[in-house]
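Student: Relevant sequence annotations retrieved from Swiss-Prot are reproduced here:
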type	residues	note
BINDING	56, 58, 114, 133	Zn(2+) 1 binding site
BINDING	60, 61, 133, 171	Zn(2+) 2 binding site
């Protein structure tokens, strides 16, 4: 049976995600920004937390681990390259590993750039990509620990996934991302359509996630830094993708 996925808010603008296998009863939380909303979502559904899949070591993604571990004795799965930054880790994973959540399979992709230890979890059978702070809808994460070329390569890893893959990202930043992207590609019809959709969703108080990766490939300027229209939009006609991506990210940092 397909995974059941629940989306809710943690902290100010983090997304909380539960991924449930109804056949086995196993449930994973993608990251653990804070415990209370995750425990509340579990209680609403009548689910038991069996796993936390950690994407990276930033505090707003791991702050609830200790309380959740104490409450549920769940397994904590985390990237291998993080030293002691992530607490109570039971299983460390790297590129190509597959984590079992009951009968569900989560494939690990290393996506460094935002942090050096960042990973994404891909549920191929369920067409679900949990990209955390590497790829946002119509945006990408800041480059805190890695380099711009490293982050671009990580985005390319995600871009090759199927168009019907659903993107679940780390934060509700989509409205701000759309505003910035329209300064680069104001005449992109896919971006214009996404802008209208996002405005409707936010007015209704609804999350802008999930979105389809195929739509992101057409509308997200950060995924399209190798497109001539994006290069022209930042006055770098003829420049290489890394140079264009760097300019995009630095402009977004200042916006």
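Quick reminder: no glycine exception, Cβ is built from N, Cα and C everywhere.
Owing to the predicted nature of the structure, the values given are computational and were not obtained by experimental measurement.
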Student: Between residue 171 (Zn(2+) 2 binding site) and residue 133 (Zn(2+) 1 binding site), how far is it from one CA atom to the other, in Å?
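Tutor: Rounded to the nearest whole number, the Cα-Cα distance is 7 Å.
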Student: Residues near the Zn(2+) 1 site, 56, 58, 114, 133 excluded, by Cβ within 8 Å of the Cβ center?
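Tutor: For the Zn(2+) 1 site, the extra neighbours are 55, 57, 61, 115, 118, 132, 134, 141, 144, 170.
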Student: When the number of other CB atoms within 10 A of each residue's CB is tallied over all shown chains, which of the binding-site residues 58, 114, 171 has the maximum?
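Tutor: Within the set of binding-site residues, the most crowded position is 114.
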Student: Taking 8 Å from the centroid of the Cβ atoms of 60, 61, 133, 171 as the cut-off, which other residues in that chain fall inside it around the Zn(2+) 2 site?
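Tutor: What remains near the Cβ centre is 14, 31, 33, 56, 58, 132, 170.
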Student: Would you kindly give the Cα-Cα distance separating residue 133 (Zn(2+) 1 binding site) and residue 61 (Zn(2+) 2 binding site), rounded to the nearest Å?
Tutor: 10
Student: Does DSSP give residue 60 (Zn(2+) 2 binding site) helix, strand or coil?
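Tutor: It is helical.
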Student: What whole-number Å value do you get for the CA-CA distance of residue 60 (Zn(2+) 2 binding site) and residue 133 (Zn(2+) 1 binding site)?
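Tutor: Cα-Cα, rounded: 11 Å.
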Student: In DSSP terms, helix, strand or coil for residue 171 (Zn(2+) 2 binding site)?
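Tutor: DSSP assigns residue 171 (Zn(2+) 2 binding site) to strand.
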Student: Please list residues from the chain of residue 133 (Zn(2+) 1 binding site) whose Cβ is under 8 angstroms from its Cβ, counting only those at least six apart in sequence.
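Tutor: 55, 56, 58, 61, 114, 115, 118, 141, 169, 170, 171 - these are the non-local Cβ neighbours of residue 133 (Zn(2+) 1 binding site), listed in sequence order.
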